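Q: Here it is, the structure in full.
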Amino acid sequence: MNDKIAIIGAGSWGTAVACSLGKNGHRVVLWSHTAGVADSINTEHINVKYLPKHKLPKTVSASTDMEEVCKDASFIFLASPSLYLTSAVEELLKFAPFSHDDGEMPYPTIAVLTKGFIPDENGEPQFIIDVLEKMLPDFYKNHLVYVAGPSHGEEVAEGKLTGLIAASQNPMCSIRCREILRSRSLLVYSSLDIIGVQVCAAAKNVVAVAFGVLDALTVTSDIFGDNTESLLLAAGLNEIQTIGRAMGATHPETFTSISGVGDLDVTCRSKYGRNRRFGNEIITKKILLSFENLDDLIKNIDKIGYLPEGVVACKYLNILAEKRNLKLPICSGLYKILNKELKPLDLIENLLQGDTK
């Protein structure tokens, strides 16, 4: 397969997808915003910063030059974190074919791997796909693909059996993405429910942070255990469905699919989960002491050393809950913890006793 595939974002997930595609015979070029990461991929065939334990195929290379990465690519995956995604796309738009919106040049298919929301001018969460459709040439209206599912990058790179959903309002685009991604170890299913899949992908990270808090509290309290975790998981799924309905999701089966309960389960329970880790470290490392409030935490989130997307999503979902009068006890309670208005133990006890105030 000689078609070039570009991946914008050389974090653990973008690199893992590149690894899988490379093993499947594709030529892949990663865009990294740091030269050190690109150099390690090109010289050692390892992403030393974000995926250091996994050797990459020689068909995978990297560059900090956006034009070089995207030139002649037939397929582009966007994998930058939600905080930085629009900046990366603005850079992408400077180069052909995106710099010539004449409808004549062939446009590559674009799929989004990023999980999260992008706020509007009022701070309410917007779907990533909606924001990108406004930024990209008109051709991409209803033609973007959103990819999600229970898929930690470490296991995808190891070739462990994984399932993903490729959602698009254009069935042919989702099918093309499915055919490019799937392999013996990567099962990919098509979906038309691009709204529901995006809600699940973003909101489950908030639940996972709360799950990490509970995980840490089980060590210091004898009233929490495996049963408690399942109780929180079920409450989290219910909350995600509430968010989905408020944001226009119309396919309830999405929430019980691999992109719904499947992704929620692995994000909460897996040892690889950054959101669970962050929630745990709120208790075990008193990590919030280094920040004044939630806004300060988001502004200086690089200081943590890893990116828990649930922290950012929590802020936007709390705004959504307040403006639309939604009962989101996990999101709203976690917001108060991150903003230093509530003690972690109080949140968990309130949730598990059915107090949604």
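The backbone N, Cα and C atoms fix where each Cβ goes, and this holds for glycine too.
As the structure is a computational prediction, the values presented were derived from the model and not from experiment.
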Q: Can you find which of ASP138, ASP215, ASP263, ASP265 Swiss-Prot lists as binding sn-glycerol 3-phosphate at the same site as LYS115, GLY149, SER151, LYS204, ARG274, ASN275?
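A: Only hit among ASP138, ASP215, ASP263, ASP265 in Swiss-Prot's sn-glycerol 3-phosphate site, alongside LYS115, GLY149, SER151, LYS204, ARG274, ASN275: ASP263.
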Q: List the residues of the same chain that sit at least 6 positions away from HIS33 (NADPH binding site) in sequence and have their Cβ under 8 Å from its Cβ, in sequence order, or write 'none'.
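A: In sequence order, THR64, TYR84, ALA88 meet the Cβ cut-off.
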Q: Compare the C-alpha of GLU309 (NADPH binding site) with the C-alpha of each of the binding-site residues GLY149, SER151, LYS204, ASP263, ASN275, and give the closest one.
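A: Closest by Cα: ASN275.
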Q: Take the Cβ of LEU307 (NADPH binding site) and count every other Cβ within 10 Å, whichever protein chain it belongs to.
A: 20
